[in-house]
Amino acid sequence: QQRFPQRYVMLAIVADHGMVTKYSGNSSAITTRVHQMVSHVTEMYSPLNIATTLSLLRIWSSKDLITVQSDSSVTLGSFGDWRKVVLLSQQAHDCAFLNTATALDDSTIGLAYSNGMCDPKFSVGLVQDHSSNVFMVAVTMTHELGHNLGMAHDEAGGCACSSCIMSPAASSGPSKLFSDCSKDDYQTFLTNTNPQCILNAP
């Protein structure tokens, strides 16, 4: 059993205007959903000694502040730029996620930059609100945050684990567990990169 050092990830979550439309303008429904999501994410990261907290929630009530399109890499890039220029200067956080109601191309349900944690532009992720079951969406967020934290997919080189969090395809009955390979990837990321922003308790 690996012993991981205590780290803290303060999340900023932005719900796009499509989410506002999807939930009929009910911002309290979106807020409740996001809080439930973060509580699942927190639970999944606790074995790695990572405490995740929601440091801010933005709901784009009147309009999107970036162009949200079905090309996930373009949308993620735009969101990263916006986060770097706008959101970071407004409130401290370590990583920002855009929750979108837009259907993404190629049956993608999430995207994030590998090893991006603490970088002003690259510490971001994109998650589609792809299931009415909030736990399923939380697993996607946990998976994308894993990429930010240096984790690769559970596939090649004896790391296949179809039910694990970092499996390349979401399974219908997803596990809440990270594979040993994911834990090793995270440990390597901490050793090689030692991202400073996650050292501070919220």
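Glycine residues also receive a Cβ, built from the backbone N, Cα and C atoms like all the rest.
Copied from Swiss-Prot, the annotated features are:
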- Gln1: pyrrolidone carboxylic acid (MOD_RES)
- 7-202: domain 'Peptidase M12B' (DOMAIN)
- Cys118-Cys197: disulfide bond (DISULFID)
- His143, His147, His153: Zn(2+) binding site (BINDING)
- Glu144: active site (ACT_SITE)
- Cys159-Cys181: disulfide bond (DISULFID)
- Cys161-Cys164: disulfide bond (DISULFID)
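Features recorded in Swiss-Prot, as mapped to the structure shown.
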residue : record              : DSSP class
Cys118  : disulfide bond      : coil
His143  : Zn(2+) binding site : helix
His153  : Zn(2+) binding site : coil
Cys159  : disulfide bond      : coil
Cys164  : disulfide bond      : coil
Cys181  : disulfide bond      : helix
Cys197  : disulfide bond      : helix
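Measuring Cα to Cα from Cys181 (disulfide bond), the binding-site residues that fall within 10 Å are His153, out of His143, His147, His153. Listed in sequence order, the residues of the same chain lying 6 or more apart from Cys197 (disulfide bond) and placing their CB within less than 8 Å of its CB are Asp94, Met117, Cys118, Ser123. Those same-chain residues not listed among His143, His147, His153 yet with C-beta within 8 angstroms of the centroid of the Zn(2+) site C-beta atoms are Ala112, Glu144, Gly146, Met151, Ala152, Ile165, Met166, Pro168. Listed disulfide-bonded residues near His147 (Zn(2+) binding site): none (candidates Cys159, Cys161, Cys164; Cα-Cα distance within 10 Å). Around the Cβ of His143 (Zn(2+) binding site), 27 further Cβ atoms fall within 10 Å across all displayed protein chains.
Within the same chain, residues at least six positions away from Cys159 (disulfide bond) with a Cβ under 8 Å of its Cβ are Ala152, Ser179, Cys181. Mean pLDDT across the domain 'Peptidase M12B' (7-202) comes to 95 in this model. On a Cα basis, Cys164 (disulfide bond) lies 9 Å away from His143 (Zn(2+) binding site). Around the Cβ of His147 (Zn(2+) binding site), a 10 Å sphere holds 21 further Cβ atoms from the protein chains shown.
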